[in-house]
Amino acid sequence: LNTWFVIVVVSFCVCGLIANFVLIGLILTRTPKMIEKYSKLVMSNSVCDFIGLVCMIFVVPTEVCFDKGDTTIVHFYGACTRIGEESCWINFGILECMYTVTSCLLCFSYIFRLQVIKGRSPSFAVLIVVSCVIVIPHMFLAAGYYFMFAKGRYFVKNGLGRHTDTFGSDVIDLPGYADYRDWLPFSVVHYTLISASLPFLSSIPLRSMVIRHLNNAQINMSDASKAMHRMLIQALNIQLVVSSFFFLAAVIFVINNYSGLNMHWPDYTSVPMATLQNVFGPIANIYVIMPYRRSFISLLCCSKKTNATVI
């Protein structure tokens, strides 16, 4: 089962890496001027997806829950096991960090589209500052996972208190475990769940606001401008649906962690399901954003270099 689990997860991740690589190339070479600012957000999201998928290949984790929400043991089956457990901790932390970052970028993309429709398009400087504000602080979240696993390993190896009672001597050699009765694992894991879920949930009413403002403002728009806005809103809507994979994975994790049902299938589904947004997100953007779709089709057909400025 673990072998097939690794094969399936890595296969999906490789497909996602190829899709993100293609999307980044299309953004750099085939972006028309009228969506140049928005393309920077798509680029940021795609880079985060790419990083998340690389980390997923390195760790390929399963999360086993014990004690009705008190303990989670993370098994790693990826390439990080060849390097060392600290490599697994770091990559897993970055992976979890990327979930929150991509969710925040989706929420900001709706805000950006709303401002553009209102005629108050943010400058490139604002986009850069907001992207940095989203990404940089969450790097500390990745460090939190490293220290969380390191602390759990220290307590278990040294037989200190409740950690030994929770894990026992038979799991001392496992690379990653967290006891939520300790403040650090509790804070790190629950912050990840909340900080990634809130932007996703906020995107739902933002979507309605964007559509409502577009319907009110399209009287004064040209046909090309209306078509552009509708195309980009459709791309965001699909991305919102794709992002629901993480929200569903978070719900499964919480139910499995706190219900005490001891089901085994959630151990294999929570993290890989959350990563599906990194796989299908770039595919959706390539398909929906017409300049990228036309350029991609022309590349597949080995035709001459096309001008992708007409939507």
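Heads up, the Cβ atoms here are built off N, Cα and C, so glycines get one too.
If you check TrEMBL, you get these features:
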TRANSMEM  6-29  transmembrane segment
TRANSMEM  41-60  transmembrane segment
TRANSMEM  89-112  transmembrane segment
TRANSMEM  124-148  transmembrane segment
TRANSMEM  188-210  transmembrane segment
TRANSMEM  231-256  transmembrane segment
TRANSMEM  268-290  transmembrane segment
Interface present between the transmembrane segment (124-148) and the transmembrane segment (231-256) (three or more C-beta pairs under 8 A) | no
What stretch in 41-60, 89-112, 124-148, 188-210 has the biggest tally of Cβ pairs under 8 Å against the transmembrane segment (6-29)?
-> 41-60
Sequence-remote partners of the transmembrane segment (124-148) [C-beta within less than 8 Å, at least six residues beyond its ends] | 37, 40-41, 44, 48, 86, 89-90, 92-94, 96-97, 100-101, 104-105, 108, 112, 178, 184-185, 187-189, 191-192, 195
Within-chain partners of the transmembrane segment (89-112) [C-beta distance under 8 Å, separation at least 6 from its ends] = 37-38, 41, 44-45, 48-49, 51-52, 55-56, 58-59, 61, 74, 76, 78, 80, 122, 127, 130-131, 134-135, 138-139, 141-146, 149-150, 175-176, 192, 195-197, 199-200, 202-203, 206-207, 209-210, 236, 239-240, 243, 246, 271, 274-275, 277-278, 281
